[in-house]
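Q: There's a structure below that I have some questions on.
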Amino acid sequence: MTAGTAEKPTTHRVRAEKKAKAHLSEGKKAERKLGWLLCAPAAIVMLAVTAYPIIYSVWLSFQRFDLKFPDQREFIGLGNYITVLSNQYWWTAFGVTVLITVVTVAVELVLGMGLAWIMFRTLVARGLVRTAALIPYGIVTVVAAFSWKYAWTPDTGYLAKLFTDGAPLTERASSLAIIMLAEIWKTTPFMALLLMAGLALVPDDLLKAASMDGASGWQRFTKVMLPVMKPAILVALLFRTLDAFRVFDNIYVLTAGSNNTSSVSMLAYNNLIRGLNLGIGSTMSVLIFISVAIIAFIFVKLFGTAAPGSSDEGRR
Amino acid sequence: MINVYYAPEENFQKVVDDCNQEAQGKYRIDYQVLPRGADDQRVQMVRRLAAEDDGMDVLGLDVTWTAEFASAKWIKEWTGAEKDEASKGTLEQPLESATYEGKLYAAPKNTNTQLLWYRSDLVPNPPKTWDEMIKMSQDLKSQGKPYEIDTMGAQYEGLVVLYNNMVASDGGKILNDDGNKVEFDDGAVKALATLQKFASAGVTNPSFTNTQEDDARLQFQGGSGAFQLNYPFVWPALQEGAPDLKDKVKWARYPGIDANTPSKVTIGGYNLAVSAYTKHPEESFAAALCLRSPEHQLFSAINDGVPPTIESVYSDPQMDKAYPFKADILAQVKDGANRPITPAYQNVSTVLSATLSPPADIRPEQDAKDLRGSIQDALESKGVLP
């Protein structure tokens with residue numbers, strides 16, 4: 001959400017900073033040292049609350065550890081990984097998760113771009129339009145999911161009879177479609193917000209110059225706006241992909257994972273919290289962690305996504 | 001101060017107040033209401049017990065959790081005079097559900113069982129077996145009359161209960177007697193076929209595969225059903241919610257598999273256990289005993305509709321009005337079936353409901369083979385829960 005403000009240094013400042021970077025003065029060095037000192041406590045706390053649980057769950061994933069059978073705890077090496085990775089439920093859930101991620105992020109990108117354009121270009125009631133567009137994102141997911149659930153349930157719902165006579169949430173294909181719809185409905189505004197920040201990056205002069213040169217609307221969009229917006233688009237895609245991969249609440253409420261609609265997070269919850277199987281559950285958490293890390297790696301290293309503010313221009 | 005964590009029950013607070021008065025200051029019970037869904041109740045207690053929370057004293061456990069909580073060493077064993085009082089006059093099946101490895105871990109508070117509710121204006125004589133009932137329903141359907149058999153078919157515990165009723169009525173077994181090995185004999189395989197046949201006979205509600213207890217009640221009350229397999233709570237609801245139906249609906253014993261063998265129906269209900277981390281064990285046992293005493297079981301039966309676990313309560317005349325069907329309930333509970341008793345029941349149930357759902361797609365031989373593997377895995381905490 002800060003992408004726009006953080007990446008909007010004026011050209012003068014950029015030049016000044018580049019000069020300063022070349023030979024750091026004594027004052028700058030001291031300032032930098034103070035900076036490190038000031039953020040050290042925060043960094044240490046972050047390590048304690050994130051690194052410790054991660055290491056502990058890796059440690060748990062190497063054990064047979066079921067709270068129901070406390071006496072039978074033992075170290076079993078990669079046994080849990082073999083169990084999970086050779087299990088059809090895991091791969092079904094993995095497939096569902098990937099499907100939901102790819103479809104929702106793709107649709108959200110297109111819709112989000114449109115919404116961002118509307119929010120950006122609105123002349124009348126700009127504040128109202130922007131607020132209205134953000135409402136779905138502001139509603140607590142579980143609450144929204146419940147209203148979707150009732151809407152799609154026969155007797156109580158106004159949508160249930162839309163396509164079939166049956167109950168759409170009892171069929172796998174329609175359940176998945178409804179889950180994806182709920183996800184898209186909810187997070188498109190977030191995508192739009194990030195993209196709107198990107199739109200703000202496109203200088204008006206550039207567009208005017210392009211149209212003077214005779215570029216059509218489509219050409220201005222693909223040849224001028226998209227390249228300038230690329231960092232913002234990639235950040236938006238990265239955030240949403242990571243987020244979508246961890247999809248949980250909508251599935252939990254809408255189908256609770258029945259008819260093979262579980263995502264990997266849902267599966268981990270079922271095994272860890274409901275099944276009390278710390279070994280298998282932690283194994284799944286670690287596997288989700290690895291998947292998320294791979295996605296982040298691909299975006300950052302291969303596509304060159306940069307976190308907002310971390311581009312060379314923004315660095316001091 | 002004794003914290004009792006118990007499922008929502010409308011008039012339970014009155015029982016609590018009553019016990020507080022009887023205790024004369026020895027203890028004071030505080031009723032902490034758990035969430036409505038059984039899964040949510042269990043998750044809340046389990047998470048706190050795993051953290052050795054000493055703020056919980058008496059726990060209301062669904063009958064299927066007692067073994068799990070006992071195995072995890074989260075609840076105290078009942079011994080001595082308290083054990084005697086908890087088991088005196090208590091029906092055998094509910095007591096068995098509170099027992100793990102020969103030791104008593106809870107005091108049965110109430111039991112439950114499903115009956116067959118039917119429209120006497122459509123069906124003069126209730127069916128005795130599933131085959132008969134399906135046939136009757138199909139006949140009604142061809143005559144254009146209400147025909148549905150409304151019961152629970154969503155992928156959850158209710159579906160496992162439906163299946164367990166069929167297994168038990170056929171004398172089948174899912175686990176061995178010790179609850180540590182999968183058995184899944186012919187009876188269990190045959191029950192798979194019965195369930196499949198029922199689900200695909202065109203006699204269920206269109207929402208069958210998404211139906212839970214209250215959905216089934218509403219479907220039947222809506223008038224499309226000729227039969228309903230459900231707990232006694234449907235009776236008071238029917239009296240209030242469907243005045244044009246209430247005089248037409250009668251009850252009978254749950255259908256069986258074989259016409260000459262009475263059905264065996266899964267019993268439900270709640271047991272009261274004492275947390276292993278309580279700071280007041282003595283008072284907790286006393287409080288639990290008070291909450292499930294005969295007079296309080298009678299009160300709860302009349303006011304909240306939950307069937308008692310103490311046999312003598314059934315003969316109280318006050319039961320006649322609230323429970324016109326009490327003889328059938330008592331007979332079914334006495335002859336009832338427990339779900340497999342194992343600490344890993346939750347896992348076994350999850351695996352079962354996933355394989356059984358949707359019931360119309362069951363392939364008996366193939367699914368039996370899969371289940372033998374996945375249930376054994378679940379028992380050894382090797383399995384992945386769907």
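Each Cβ is built from the backbone N, Cα and C atoms, and glycine gets one as well.
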Q: To which of the residue ranges A:164-183, A:184-203 does TrEMBL assign the term transmembrane segment?
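A: Checking TrEMBL against the ranges A:164-183, A:184-203, the transmembrane segment one is A:184-203.
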Q: Near the transmembrane segment (A:276-300), which residues from the same chain, at least 6 beyond its ends, have a CB less than 8 A from one of its CBs?
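A: Residues 54, 57-58, 60-68, 76, 80-81, 83-85, 90, 234, 237-238, 241-242, 245-246, 264-265, 267-268, 306.
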Q: What residues in the same chain, six or more past the boundaries of the transmembrane segment (A:184-203), come closer than 8 Å to it by Cβ-Cβ distance?
A: 1-5, 7-8, 104, 107-109, 111-113, 115-117, 119-120, 133-137, 139, 141, 144, 224-225, 228-229, 231-233, 235-236, 239-240, 243-244, 250
